[in-house]
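Asker: To start, I am sharing the structure in question, which I have written as structure tokens.
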Amino acid sequence: MAAANVALHDTHDHDHDHEHHDNFITKYIFSTDHKMIGKQFLVTGIFWALIGGFLSILFRLQLGFPDMELYFLKPLLGGWIDDAGKLDPNFYLALVTMHGTIMVFFVLTAGLSGTFSNYLIPLQIGARDMASGFMNMLSYWFFFVSGVIMFCSLFLENGPAGGGWVVYPPLSALEQAIPGSGMGMTLWLIAMTFFIASSLLGGINYITTVINLRTKGMSFSRLPLTIWAFFLTAVIGLLSFPVLFAAALLLVFDRSFGTSFYLADIYISGEGALPNTGGSPVLYQHLFWFLGHPEVYIVLLPALGITSEVIATNSRKPIFGYKAMIISMLGITILSFVVWAHHMFVSGMNPFLGSIFMFLTLIIAIPSAVKVFNYLTTLWRGNLIFTPGMLFSIGLVSFFISGGLTGIFLGNSAIDIQLHDTYFVVAHFHLVMGSASFFGLMAGVYHWFPKMFGRMMDAKLGYVHFWLTFVGVYLVFFPMHYIGIAGFPRRYYSWTNFEFSNMYTDLNMFVSAAAIITFAAQFIFLFNFFYSMYRGKKASLNPWRSTTLEWTTPLFPGHGNWPGEIPSVYRWPYDYSKPGAKEDFIPQTVPLSATPESNLPHEQELVKLEKEIIAEEEQVLVANGSKEV
Amino acid sequence: MYGFLIAVGVLLLLSLIWMVYRIQTLVSVVKGSDKKIASSSNKVNAILFIVFLLGAGILMFWYSIKEFDNYNLPLASEHGAVTDNLFWITMAVTGVVFIITHILLFIFPYKYQYKESRKATFYPDNNKLEVIWTIVPAIVLAILVIGGWKAWSDITAPAPENAHVVEIMGYQFAWEIRYPGVDNVLGDHDYRLINEVNNPSGVDFSDKNSFDDFTSPVMVLPKGEPVLLKIRARDVLHSVFAPHMRLKMDAVPGMPTRFWFTPTKTTAEMRQELGDDEFVYEIACTEICGRGHFSMRREIRVVEPAEYQEWLKEQKPYIVNDPTLVENVSSELKELADITISEYK
């Protein structure tokens, strides 16, 4: 981190306005500027994505090349490679667990939501900063501490937590059952506690800021879809993360204080019967998935929000069905809380609950389908510019379709009996949640890089990065559907013990090779990202010719974002290619009264109203606004 | 030396990429294409979407057809026919949606790629369309759900009275199978009675139902008759997965679960059908349970009902194999137990 922060320092050194006279520490480390905090989240998220991706390469080596001797990894993994050059099965499980935890929480929650909610909310709604800059700073540093603890757990002698990212008890409660449930699990729980605190601090801030600090004229019906997405994501997080905390807390009690919330009737080989009775492991699963399922939407909604923005901008068309998009997101937000038990159809819970959750689950597919159709219609008869951000957005829509459709199989409890915990599930959520959200993150980085760092990322490298990653992701995850239909279970160190799964060594090798290539392709992005930060082409003020407020700030906005007054907003954010208008976009700051040639009938009526408001305003604002046209 | 050569190679490759990158940047500056709204790359990307659509589509169809017999597991249970049917119906419905949406998603970029002369169509909303594509998926999903719900209700309904009861208990890292014997009633169990030497599943031998209980290394089942699996776990979560039976249910410590099904093909019939003399039905674990998660294998042998009855008769109860198990029960029960033991001798 320190190095990265130094890097950020250099870029900004030469032209930032010295309104606050920040020193290095208050500006780059303990910063309360939402833009710096967003960048901190981004760089930390990238760091974790590399670790998480690397862990997946390690276990893909085991799965794709089970006979390979891994001595060359001994300098790195030490005792986890045994004398025969094989990966330790316990460490394999730890790798799977850490890959999941890191990717879901550190990369796709903090790295995506943390980065873009922080960076974009004040800029797009027209606010000086978050409602509480200090809480925002705390949010980052809690996340940072959480990361440090999780990182330390990777180096424990008994390994990090190894019970799967869901850490179901009793496995996660009993050190005797798996070594990772010792210190590794303790650190996992501590890290997650800090992480939850960080999420809540961030979420409260996002919600407060969106509700209270919108600039004049920025009504909820004029918010960009990104802000709607971040807002609803924060609401979901605020309601669901505390439940994870409760689940974790009870687990801490079971682990350390002899309670029996989740433990009952357990006999440990070589040790004997444990005294715990009356607990229910299924209780933990209910609590966990009460967060766990909304979590899927916590990582997905921001990506969908970003995509809406990027697709509209680069199609030079308004997003199709702005209101339908908002209603869909609202629907997803509410429904996301009542579908959790579809992860538990065969957990032993009452089958009647299974029926209920099957109905509710398939209902949530409807708003998702509406979103896809709306994206497609937005592309239809557009004037498409393939910036790297646009490419990643189209890729996201593809993953969202592919992974979403397989959800219809898994949400159907009768079909789920066979598919549950097979590679079909792995394929499903890696496409719809993992890759789609990751592509949203990438789209966001490519799209807002010019605003973040005042320079452009190289487009051609972006194209190469996109195509390698897009094709690579499909080559990795599409074959997993076949493996899953064939019944290959998840979290298996090797499949050769079973006759039904003693095949597809070729396909697994193919998947592993594709995973390595896809991972390698990310270094193109890394180079592009850090190189462009210093040496990229200087960006113009509004490189994508976009309508939203962030592009009205100076190239290097200081703390406070706009040097003078905050601009007022007079229209919705999607006035692209409006008939009659000279340019193919009209920024939100342009009053309707300044564009009589392109106003729609109902907007013409608003002009009168608007004039009254403007009359009250400073003349400067009008001048500022018109100048943008 | 070898490593050194690789390092040099990598270094050369990287510098080559670097030079290509610099050159293309400079060329684009010279040509002024970096100032245009959409460079010539726009067309390349648009074409690549079509190439991807065709390439990926062909690959998908080719592999799906070629490999069908490999990934489509043989089926051997009654309810499995229903769920497989649902699976393929869902596959057909989602497959059509998948293909249509992807054709549109990749053809639009090609068709509507940027042209300076054209202006995009301002088309912000159409409530009729939104309603249509809310209702149509809703109806389709409702049909799929109702099919699934009916199947699910049948599968999870109480087992028929005449179902053969078999207990399967997961532990790190194997399964223990217990049959109820002649009375078809399993004896009580208590995890505090577990003894790895002679009572691994904690059978309570002070319950006389347990006198004829026996264990078997292989789960032998009769064809065409309902079987009720009573599932439990001894230490952590496990999950019984019999892929050919389309059967899966978690084994939970402290909470017994169950799953009933009817096998439809004997192992011998399946061997003949597949032309594979080695074929066996298997049970695997699908809930992460620790180091040996990937090795919890048990075999299911499905036989003709008559053969099953034969087999049942050959099995010896726990207490016959090890009379010390009933050493400490009350004298009344001890007498009963001794009678059972003598019957088997």
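Here the Cβ of each residue, glycine as well, is placed from N, Cα and C on the backbone.
Feature table excerpt (TrEMBL):
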- A:24-594: domain 'Cytochrome oxidase subunit I profile' (DOMAIN)
- A:41-63: transmembrane segment (TRANSMEM)
- A:91-116: transmembrane segment (TRANSMEM)
- A:137-156: transmembrane segment (TRANSMEM)
- A:187-213: transmembrane segment (TRANSMEM)
- A:225-253: transmembrane segment (TRANSMEM)
- A:287-307: transmembrane segment (TRANSMEM)
- A:319-340: transmembrane segment (TRANSMEM)
- A:352-373: transmembrane segment (TRANSMEM)
- A:385-410: transmembrane segment (TRANSMEM)
- A:422-449: transmembrane segment (TRANSMEM)
- A:461-489: transmembrane segment (TRANSMEM)
- A:509-531: transmembrane segment (TRANSMEM)
Asker: Six or more residues beyond either end and a Cβ under 8 Å away: which residues meet both conditions relative to the transmembrane segment (A:422-449)?
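Answerer: Tertiary neighbours of the transmembrane segment (A:422-449) are 42, 45, 49, 103, 107-108, 111-112, 115-116, 119-120, 296, 299-300, 302-304, 306-307, 309-310, 313, 387-390, 392-393, 395-396, 399-400, 402-404, 406-407, 409-410, 455-457, 462, 465-466, 469-470, 473, 476-478, 480-481, 483-485, 487-490, 525, 529, 532, 544, 550.
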Asker: Are there residues at least six beyond either end of the transmembrane segment (A:352-373) with Cβ under 8 Å to its Cβ atoms? List them, or say none.
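Answerer: Distal contacts: 304, 321, 324-325, 327-329, 331-332, 335-336, 338-342, 345, 397, 400-401, 404, 407-408, 411-413.
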Asker: Have the transmembrane segment (A:319-340) and the transmembrane segment (A:225-253) got at least three CB pairs under 8 Å, pairs 6 or more apart in sequence?
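Answerer: By the criterion, they touch.
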Asker: Top stretch among A:41-63, A:225-253, A:385-410, A:461-489 for CB pairs under 8 A with the transmembrane segment (A:287-307)?
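Answerer: Maximum Cβ contact count belongs to A:225-253.
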Asker: Sort out the residues at least 6 away from either end of the transmembrane segment (A:187-213), same chain, that have Cβ-Cβ distances under 8 Å to it, and list them.
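Answerer: Counting only partners 6 or more residues beyond its ends, the transmembrane segment (A:187-213) has Cβ contacts under 8 Å with 101, 105-106, 109-110, 113-114, 117-118, 121-122, 125, 127-128, 130-132, 135-136, 138-140, 142-143, 145-147, 149-150, 152-153, 156, 160-161, 167, 223, 227, 230-231, 233-235, 237-238, 241-242, 244-245, 248, 251-252, 255.
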Asker: So, does the transmembrane segment (A:225-253) come close enough to the transmembrane segment (A:41-63) to give 3+ Cβ pairs below 8 Å, pairs being at least 6 apart in sequence?
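Answerer: In this chain the transmembrane segment (A:41-63) does not contact the transmembrane segment (A:225-253) - fewer than 3 Cβ pairs sit under 8 Å.
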Asker: Can you name the far-off residues of the same chain, 6+ from the ends of the transmembrane segment (A:137-156), with a Cβ under 8 Å from a Cβ of it?
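Answerer: The answer is 1, 30-32, 37, 40-41, 44, 48, 51, 98, 101-102, 106, 110, 114, 183-184, 187-188, 190-195, 197-199, 201-202, 205.
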Asker: Under an 8 Å Cβ to Cβ limit, what residues of the same chain, 6 or more beyond the ends of the transmembrane segment (A:91-116), are close to it?
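Answerer: That would be 38-39, 41-42, 44-46, 48-49, 51-52, 55-56, 58-59, 62, 77, 80, 139-140, 143, 146-147, 150, 154, 159-167, 178, 180, 184, 188, 192, 195, 198-199, 202, 226, 230, 233-234, 237, 295, 298-299, 302-303, 306, 433-434, 437-438, 440-441, 444, 448, 491, 493.
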Asker: Looking only at the domain 'Cytochrome oxidase subunit I profile' (A:24-594), report the model's average pLDDT.
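Answerer: Mean per-residue confidence for the domain 'Cytochrome oxidase subunit I profile' (A:24-594): 94 out of 100.
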